[in-house]
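One structure is given below, encoded as C-alpha cells.
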Amino acid sequence: MAGAAASGAVLNGLGSSFLRGTGDKRRLLGSSATATRVTTGARKSVVVAALPPKKSWIPGVKAGGNFTDPEWLDGSLPGDYGFDPLGLGKDPAFLKWYREAELIHGRWAMAAVVGIFVGQAWSGIPWFEAGADPGAIAPFSFGSLLGTQLILMGWVESKRWVDFFNPESQSVEWATPWSRTAENFSNATGEQGYPGGKFFDPLGLAGTIQNGVYIADTEKLERLKVAEIKHARLAMVAMLIFYFEAGQGKTPLGALGL
C-alpha cells in the first residue's frame with residue numbers, strides 16, 4: 001500500500017493534463033458523443049450501440065455497489081473484471097498508471113517464474129541462494145551482474161518512464177541512431193504498453209508485415225492482451241507463493257517433489 005500511495009503522490013504532484021484527460025481530449029470525447037446523431041430529412045434519431053455486459057470478478061454476488069461493480073471500471077481495459085475493492089483507480093490518471101505498473105510487473109513475474117524453474121533445474125541451486133553462490137552465476141561475477149542491472153535496466157526503465165508521460169517520444173530519440181529507430185522501434189499499435197512492430201513482435205503474433213511495414217491485427221491483439229494479463233496475474237501470485245516457500249527454506253521444485 002505504501003508503494004501505491006507513493007505512486008499516487010507522484011502522479012498527483014505532476015498534475016499532467018494528458019493523463020487526466022482534460023483539454024483537447026475532453027473536447028474530442030464531446031464531439032464523438034454527438035456524432036451518433038443521424039439526420040434524415042426532417043426526421044432525427046439517435047443511434048445507441050448496446051455495450052456488452054460487464055464481467056465480474058465475483059459473479060456469484062449479484063449485489064451492486066462499487067465493491068463488486070465499481071463505476072470507474074467500464075470493462076474497456078483488457079482483463080477488466082471490476083476488481084478494485086480499495087478504489088485505487090477512481091482517478092483516471094491513477095488508473096492509467098496502475099494498469100501500466102500491473103502490465104510491467106506481470107511481464108517480469110512471468111520471466112521470473114520461468115527463470116526460477118529453469119535455473120534450479122540447470123544448476124540445482126535454489127533461486128533464493130543463487131546470488132550468493134558463485135557457481136550459480138558462473139562464468140559471470142556478482143559485480144558484473146550488478147553493473148549490468150544498474151546500467152542497462154536503469155536506462156531501459158528511465159526510457160519507459162519518459163515514454164509513459166510523452167508517448168512515442170523515445171521511439172525516435174533512441175540511443176542507437178544507426179538502427180533506423182523510427183522504423184524498427186516506433187509504436188506500431190498506437191497503444192501504450194503494446195508497441196508491436198517488427199522488433200517487439202518478430203513472430204507476427206498480433207499482426208503481419210506487408211511490404212516491410214508492420215500492420216497490427218486488432219482482433220488478434222485484443223485477444224492476446226487479455227491472455228497476457230491473465231497469465232501475468234497468475235505469475236505474480238506464483239511469485240508471492242515462492243516468497244512464502246523461500247521463507248520456509250523450500251523451493252518450487254521441492255514443493256512439487258521434484
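Every residue gets a Cβ built from N, Cα and C, even glycine.
Summarising the annotation, TrEMBL assigns chlorophyll a 1 binding site to GLU102, GLU228, ARG233. The DSSP secondary structure for GLU228 (chlorophyll a 1 binding site) is helix.
Non-local contacts of HIS105 (chlorophyll a 2 binding site) by the CB criterion (under 8 A, 6+ apart in sequence, same chain) comprise ALA232, MET236. Mapped onto three states, the DSSP output places HIS105 (chlorophyll a 2 binding site) in helix. According to TrEMBL, the feature chlorophyll a 2 binding site maps to HIS105.
Residues annotated as chlorophyll b binding site in TrEMBL: ARG107. Cβ neighbour count for ARG107 (chlorophyll b binding site): 16 (other Cβ atoms within 10 Å of its Cβ, all protein chains included).
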ARG233 (chlorophyll a 1 binding site) CB neighbourhood, other CB atoms within 10 A: 17
Pairwise Cα distance maximum in Å, chlorophyll a 1-binding residues per record: GLU102, GLU228, ARG233: 11
Integer Å distance between the CA atoms belonging to ARG107 (chlorophyll b binding site) and ARG233 (chlorophyll a 1 binding site): 9
Nonlocal neighbours by CB distance (under 8 Å) for GLU228 (chlorophyll a 1 binding site), same chain, sequence gap 6 or more: PRO78, LEU103, GLY106, ARG107
